[in-house]
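Everything below concerns the one structure shown next.
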Amino acid sequence: MGAHVSRNDFEWVLTEEPHASRRKIILEKYPEIKKLYGYDPMFKWVVLLMVLTQFAMLPIVQHMSWPVLLVVAYCFGGVINHSLMLAIHEIAHNLAFGHNRPLHNRLFGFFANLPIGIPISISFKKYHLEHHRYQGDEVIDVDLPTLVEAKLFCTTGGKLVWLILQPLFYSLRPLVVRPKPPNPLEVVNLIIQLFFDAIVVKLFGWKVLGYLLFGSFLSMGVHPVAGHFISEHYMFRKGFETYSYYGPLNWITFNVGYHNEHHDFPAVPGSRLPEVRRIAPEFYDNLPQHHSWSSVLYDFVMDPEIGPYARIKRKHAGLKT
């Protein structure tokens, strides 16, 4: 299975997550950044175009063979679906219609969710906002791999398998580590998604639903756009827990690569995050950063110093140390 990772534990720290304090310092120097808060009025139209593109693909993929369908799902449909997942990330921060119209954001999240095939919009929001507030918390932050994952997938081959199965771990980990009772909107999300999936099967067949589902699955594993899952918070440089990527894949991922900027200013929509960096370059240009998400995936698998253990963790408040 290849080389064993050199780490046998996570990187435990006693410091608070860095973004709240940096946000305060930046705003003291550059209060004009607050003018970037709000929502992007073009965002909903971009998402609408992506969803309609997937709708238009359904009768086309209906007549493809399975091998061709899987290639199209990996190279095209999966990219759109992954971008829609990141649109749902924006919607979780109320950046589709603004904080004063939360229901509009939730309803639009249901719509953006349709081509993905499984209901994620409401559940993602429920856990993701805690990831921002309690980054690295051993109990609350479900973005962190579990100890079981770190122990099982600790070799070169194991890390590759872990990347392939990452969609399962990413989706199921919150239900195992920090289960929460479903809220009414999650039930609505589920019903709408199942109804849409049933319509797809009725009109086009199971193969077409497979195109949507496999596209979502494949694009979250060993895929260039999935590199952001690793690049964002895995510790490639000791002591640094959030990393930005400024390459071209930001164009199709709502600038999620500007991840330090996003955690510092989650109220700024992705389209304006480059402006945050432009205003305050001295806070970002000298931080470690990634230049290729594909290289991130390669290094994650091949470098024995990096693996599921390479995450900064903090003891949960109130627990005995």
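Even glycines carry a Cβ here, placed using N, Cα and C.
What TrEMBL records for 5-43 is domain 'Sphingolipid delta4-desaturase N-terminal'. Per TrEMBL, the feature transmembrane segment maps to 42-61, 68-87, 107-124, 211-230.
Count of Cβ pairs under 8 Å against the transmembrane segment (68-87): among 42-61, 107-124, 211-230, the largest is for 211-230. Non-local neighbours of the transmembrane segment (211-230) in the same chain are 54, 57-58, 61, 69-70, 72-74, 76-83, 85, 115-118, 160, 163-167, 170, 200, 245, 249, 252-253, 256-257, 259, 290, 292-297, 300; each lies 6+ residues outside the stretch with a CB under 8 Å from one of its CB atoms.
Assigned with DSSP, the residues of the domain 'Sphingolipid delta4-desaturase N-terminal' (5-43) fall into helix, strand and coil as follows: 18 helix, 2 strand, 19 coil. Mean predicted confidence for the domain 'Sphingolipid delta4-desaturase N-terminal' (5-43): the pLDDT average there is 96.
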